[in-house]
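Feature annotation from TrEMBL assigns domain 'OBG-type G' to 1-257. Annotation comment: TrEMBL describes Asn10, Val11, Gly12, Lys13, Ser14, Thr15 as ATP binding site. Per TrEMBL, the feature domain 'TGS' maps to 279-362.
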Amino acid sequence: MKLGIVGLPNVGKSTLFNAITKAGAQSANYPFCTIEPNVGVVAVPDHRLEVLEKMYNSEKVVPTSIEFYDIAGLVKGASKGEGLGNKFLSHIREVAAIIHVVRCFDDSNVVHVEGSVNPIRDIETINLELIFSDLELLQRRIEKTQKLLKGDKSLQSELDILNTIKSTLENGKSARILKFSDEEEKFVKSLNLLSYKPIIYVANVSEDDLIENGGNNEYVEKVKEFARTENAEVVVISAKIESEIAELEEDEKKNFLQELGIKETGLEKLIKASYSLLGLISFLTAGPKEVRAWTIKKGTKAPQAAGKIHSDMERGFIRAEVIDYEELVKAGNMTTAKEKGLVRLEGKDYIVKDGDVILFRFNV
Ligand code: GDP
């Protein structure tokens, strides 16, 4: 799964991205410092893996992962080819969801490209670029559909949808504020509009605000208010603190979080929010060689879940031996679970659930 990090220059994208990857992407106190989108692959934290690792005495643990793309350089005028141009927009087109970082901290040492901290203006600046780009795409599509309509009247409903979206965008609003029926939504998704992509607004607050006020300040309130209009999620983080956490070893990390009175890292919050935004869940495979988590969409059936592991397993799928993680832990181990009849045999119509521990049987 690919997520794209966007935001105005100097809002803390690189700082967050560095924390994500620890890869040391450039971070500097001036605009335009990052050019190509950097990719950071981050493990999805899942405590169930450690428990299964002990149960099976496994040689290795493989968490599932999320890819973050640092799409810097999206500035006012990008859709007109300004700044580093609209190739950034094409990077955004490829991601499953947008992580929009918004500056919610005051710091006179950090230059703001617009001269002052104002999260709503910043959000709208970026969103407008996406909207402009979508409008161009829509215009072309509308012209094409109008031509085809002469021979195929059934396209009228598509044309209506295109026009509805167009007028929303012309009012400076993102397409995601619109509600569609399931069937309409399929069509709208196929357009791959930037302003219709699922989005999470990341409010980047100062260290003090995160620790002393639980991440609340007047900027964050404004971001939340705006996000509600788009039914979007807000995750409050302090990129500075995330970058400090990223330097620590696992056990030091726990102490540090405890000292700060924080339950989970901003990155963990962000991953959880992304998962639920995209309707993703994890199923698990476990054995002495490897314990592993796999990401699927909610509603995925057993053969397609098997296909995540290997296409042969999907093609030759016979059945799945399934037990819920909690049940397995209660039983203590797989042998006992089987004796107690807790392991179910499921067929090709079984819809895999989060936390299912699965062994697939397949023909080669
Ligand atoms: P980008 O242009 O959005 O990638 O922004 P950077 O991550 O390079 O951050 C710009 C500047 O803001 C750097 O000097 C960072 O150290 C600073 N910065 C980022 N996050 C925070 C924060 O939470 N608090 C403070 N005080 N400064 C921050």
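Cβ coordinates are placed from backbone N, Cα and C, and glycine is handled just like the others.
TrEMBL feature annotations superimposed on the structure.
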residue: Asn10; record: ATP binding site; Cβ neighbours (10 Å): 20
residue: Val11; record: ATP binding site; Cβ neighbours (10 Å): 26
residue: Gly12; record: ATP binding site; Cβ neighbours (10 Å): 26
residue: Lys13; record: ATP binding site; Cβ neighbours (10 Å): 28
residue: Ser14; record: ATP binding site; Cβ neighbours (10 Å): 23
residue: Thr15; record: ATP binding site; Cβ neighbours (10 Å): 21
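As a whole-number mean, the pLDDT of the domain 'OBG-type G' (1-257) in this prediction is 87. DSSP states for the domain 'TGS' (279-362), grouped as helix (H, G, I), strand (E, B) and coil, give 26 helix, 35 strand, 23 coil. Look at Lys13 (ATP binding site): DSSP puts it in a helix.
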